[in-house]
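Structure record follows, encoded as structure tokens.
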Amino acid sequence: MLNSFKLSLQYILPKLWLTRLAGWGASKRAGWLTKLVIDLFVKYYKVDMTETQKPDTASYRTFNDFFVRPLRDDVRPLNTDPNILVMPADGVISQLGRIEEDKILQAKGHNYSLEALLAGNYLMADKFRNGTFVTTYLSPRDYHRVHMPCNGILREMIYVPGELFSVNHLTAQNVPNLFARNERVICLFDTEFGPMAQILVGATIVGSIETVWAGTITPPREGIIKRWTWPAGENEDSVALLKGQEMGRFKLGSTVINLFAPGKVDLIESLANLSVTKIGQPLATSTEAFVAPEVEPVPLPEEEIKAEHDASPLVDDKKDET
């Protein structure tokens, strides 16, 4: 009954207006009120402020400033092995595995279309059929900047307007083609591991999606697909990003989907649904390495794993299924 009510709200509530209201409020400087909201948020979601460059909540002028807070340089060590791709975001893996022709796993028993995710771009989809995907959910407590898993040359960016459904276990199980329906920004890179797509997916109250090379992509929400391209290689107009470098951010955030070409990478064996991710830790290895490195994600303290799972609707909504 409770789940049915929650699901009904996804279709009834004015998600766009709620998102605009959240974005407006999060960008306002409200002095003591801003600090109070941040303090309550930190307490409720158990945000670890000791990892941030500015642990004093009074130092943030707006809630958005707090939400995209930078971390200290020493808290996310980067695995520098050239054969290793690293996690692009702090969060929880919601799904990962092989792309079966045009099908990507959304939730148990539910798939969505690769081509639909890529806004009907069948040429781009052909690069990833039978490849590998990873879907990472960023909970409210997480660091909301997104980084590069490997070195990459930006070739294409597509803004796809769409719905603003919440992204959690309940909607993944009940909203068909959830990620292919929600607003998103698709970024295609040339890498040493073949083509890679990194997709930033919006959701309810995601006020803004930004990239480091173009700034704010959305809003405004004009309801049309937009496409930009960049040259390859050493061209002076090309955009080159290094492994571990920031590539984008959410202001009130959501989900990152990575797509890799077939036969190019192997995911770290210990990773699974609901694995906690930290930027810079091993995500995958190259299939073309001369010596396969033996790598595992750095073990996290049990209390940190519990806090991450407790903050994630991917876990919380399962409690309501009975």
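Placement of Cβ uses the backbone N, Cα and C atoms for every residue, glycine included.
If you look up Swiss-Prot, you'll see Ser254 marked as active site, schiff-base intermediate with substrate, on the strength of sequence analysis. In the structure as shown, the Cβ atom of Ser254 (active site, schiff-base intermediate with substrate) sits within 10 Å of 25 other Cβ atoms. Classification of Ser254 (active site, schiff-base intermediate with substrate) by DSSP places it in coil, neither helical nor stranded.
The annotation compositional bias 'Basic and acidic residues' is assigned in Swiss-Prot to 303-322.
If you look up Swiss-Prot, you'll see Ser254 marked as pyruvic acid (Ser).
As annotated by Swiss-Prot, region 'Disordered' applies to 294-322.
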